[in-house]
Amino acid sequence: MLNIGPFSFHSRLLLGTGKFPDFDVQQKAIDVSEAEVLTFAVRRMDIFDAKQPNLLEKLDVKKYKLLPNTAGAKNAEEAVRIAKLAKASGLCDMIKVEVIGDDRTLLPDPVETLRASEMLLEEGFIVLPYTSDDVVLARKLQELGVHAIMPGASPIGSGLGIVNPLNLSFIIEQATVPVIVDAGIGSPADAAFAMELGADGVLLNTAVSGAKDPIKMAQAMKLSIEAGRLGFEAGRIARKRCATASSPLEGMSVVE
């Protein structure tokens, strides 16, 4: 089970809802992924305008836990305003904090992410901050009392996979809250690797919505995350420089 604050989920795949070709493909991809947590940008949908197409009208909101994010925020105050807007609309008070500090790389602003997380915790939100793979920043966020850490594998939407597995492993080793790898996942192999490192979950969007067949990719991601978790729990063999025979040599007779 993936436990985030008071919530428990069977699936360790969290799925973003943006950039799908249409609602039908989106819904089918969500279904086959078996994701229980869906994330979306509050600023990308007018949740108070009944005339606008609305994801919330298409989904069975009782079936999923919706995770609004603060994408578009440039500082802590903007992030808090977006979070309060989501809560006022009747959504869950679980929020993904996303405060971008650089428009080219879309990397998070560490100072504003810390500030926003602290402010939202004081407001009673369940806080999941998107952060870089900075080990010290992850620890400071954890010390604030956030409910999960969401380090990026690589820049958002890049599909580069995990570019710094060492830092990611350090974050996982020191964590006392769930670590959900977020951003940069490009393939099922990337997702499996994140889970093999010991991550508690993976959040992805573009890898599915941008695939040639989003529905098949959603299923592939589901299976790879399950396989990666099983592999982590099973425990991989140690890496060694020299070969070790897999068949015993003792007792074998030599035919001359």
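Just so you know, glycine gets a Cβ as well, placed from its N, Cα and C.
Because the structure is a prediction, the values reported are computed rather than measured.
The active site, schiff-base intermediate with DXP annotation in Swiss-Prot covers K96. According to Swiss-Prot, the feature 1-deoxy-D-xylulose 5-phosphate binding site maps to G157, A183, G184, N205, T206, an assignment based on sequence analysis.
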Review point. If you measure N205 (1-deoxy-D-xylulose 5-phosphate binding site) to the residue listed as 'active site, schiff-base intermediate with DXP' at Cα, how many Å is it?
Key: 14
Check your understanding: Just going by other Cβ atoms within 10 Å, which of the binding-site residues G157, G184 has the emptiest spot?
Key -> G157
Practice item. Find, among the binding-site residues listed as N205, T206, the one whose Cβ has the highest number of other Cβ atoms within 10 Å in the structure shown. Key: N205
Practice item. Determine, using Cα-Cα distances only, which of these binding-site residues is closest to the residue listed as 'active site, schiff-base intermediate with DXP': G157, A183, G184, T206. Key: A183
**Study point:** Any further residue of that chain within 8 Å (Cβ to the Cβ centroid of G157, A183, G184, N205, T206) of the recorded 1-deoxy-D-xylulose 5-phosphate site
**Key:** G16, P155, I156, S158, G159, I185, L204, A207
Practice item. In three-state terms from DSSP, label T206 (1-deoxy-D-xylulose 5-phosphate binding site) for me. Key: helix
**Study point:** List of residues, in chain order, with Cβ under 8 A from that of A183 (1-deoxy-D-xylulose 5-phosphate binding site) and at least 6 apart
**Key:** Y130, G152, A153, S154, P155, I156, G157, S158, L203
Study note, to complete from the structure: G184 (1-deoxy-D-xylulose 5-phosphate binding site), DSSP three-state class -> coil
